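Pulled from TrEMBL:
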- 1-17: compositional bias 'Basic and acidic residues' (COMPBIAS)
- 1-22: region 'Disordered' (REGION)
- 39-60: transmembrane segment (TRANSMEM)
- 80-102: transmembrane segment (TRANSMEM)
- 123-144: transmembrane segment (TRANSMEM)
- 164-186: transmembrane segment (TRANSMEM)
- 198-220: transmembrane segment (TRANSMEM)
- 247-268: transmembrane segment (TRANSMEM)
Amino acid sequence: MAKDTEVGTEYAPKDYQDPPPAPLIDPEELGKWSFYRAIIAEFIATLLFLYITVLTVIGYKSQTDPDHKGEQCGGVGILGIAWAFGGMIFVLVYCTAGISGGHINPAVTFGLFLARKVSLVRAIMYMLAQCLGAICGCGLVKAFQKAYYVKYGGGANTLNDGYSSGTGLGAEIIGTFVLVYTVFAATDPKRNARDSHVPVLAPLPIGFAVFMVHLATIPITGTGINPARSFGAAVIYGKDKAWDDQWIFWVGPFIGAAIAAFYHQFILRAGAVKALGSFRSNA
C-alpha cells in the first residue's frame, strides 16, 4: 500500500483523497438549499441535545434531593449524566453528519474552520444556529418543568466550590482538546482509507470522548466543552451565578479547539513540514 512519506522534497502517491480547503468566504453556498438545510439541522440537533441532557441533570438532582426523600446514591449519578451527554452526541452526530457534518458545538465548528474544513460564513451561521438551538432546548425544559428547573439550577455550568478560575479554564481547554482531536481523527480521510478494515463508526468515538470528558470534569465545571450548551442554559436560567464564570466556557473551548486543530493538521498530518518542503522546492 502506498504511503504518504517524504522522499527528499517529493511525496509518494496518496492512497486517500483530502477534500480541498474550504474558501474563507464562499458566496455560492448562500444560494444553495443544502446550506440552509445544514443550518436547520444544527439548530434542531442542538435543541434536542440540550433538551435531553438538561432534563437528565435536573432529574438526577431531584432524585437525590433530601427534601423529596431522595437518596444520595439515587438517580442516574454522574455516570448516567455522562452517558446522557455522550450518548446524545453519538445519536445526533450519526443523524446529522451527512447533512451538516454534525458539529452541534461552536468549539467543534471553530476547530474545523481553523483547519479550513468549513467557510467563515458557514462557521458563523452554524454557531448562531447552535446557540439558538441551545436556548430553545433549555426553554422547553423550563416550560415543562419550571419549578424543578429553577430550583435545581437549570443545568447551567458554574465553577464548583473549591476550584479556581485557572483550574476551571484548564479543565475546559483540555476537555475540548480531547473532543475536537477525536473529531479530527474520526473523520480523517487518511485514517479512514488505511484503517478501512476496522469498522469504526465515526460518531461512536466522538460520543465516547464526550462521555469520558464529562466523567473527569463534571466535579470541576459541570463540563462545558460546548459554548452553546453553556450559553443556552445561562440565558434561560437567568441567574447571576450562571454568568459569573461564563467566559471560562467560551475561552476554554475555543483555545482547546484551536490547539487540537493545530496539533492534528500541522503535526500529525505534517502540514508544517509539507509547507516548508514546498517553500524550499520553490525557492
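Backbone N, Cα and C atoms are what each Cβ position is placed from, and that goes for glycine too.
Caution: TrEMBL annotation is automatic and unverified by curators.
As a quick check, the transmembrane segment (123-144) and the transmembrane segment (198-220) miss the bar of 3 or more Cβ pairs under 8 A, pairs 6 or more apart, so the two do not touch.
The stretch in 39-60, 80-102, 164-186, 198-220 that contributes the largest number of Cβ pairs under 8 Å to the transmembrane segment (247-268) is 164-186. Among the recorded stretches 39-60, 164-186, 198-220, the one sharing the largest number of Cβ pairs closer than 8 Å with the transmembrane segment (80-102) is 198-220. Residues of the same chain lying 6 or more positions beyond the ends of the transmembrane segment (164-186) and with a Cβ under 8 Å from any Cβ of it are 105, 107-108, 111-112, 115, 200, 202-203, 205-206, 208-210, 212-213, 216-217, 220-221, 223-225, 245, 248-249, 251-257, 259-261, 263-265.
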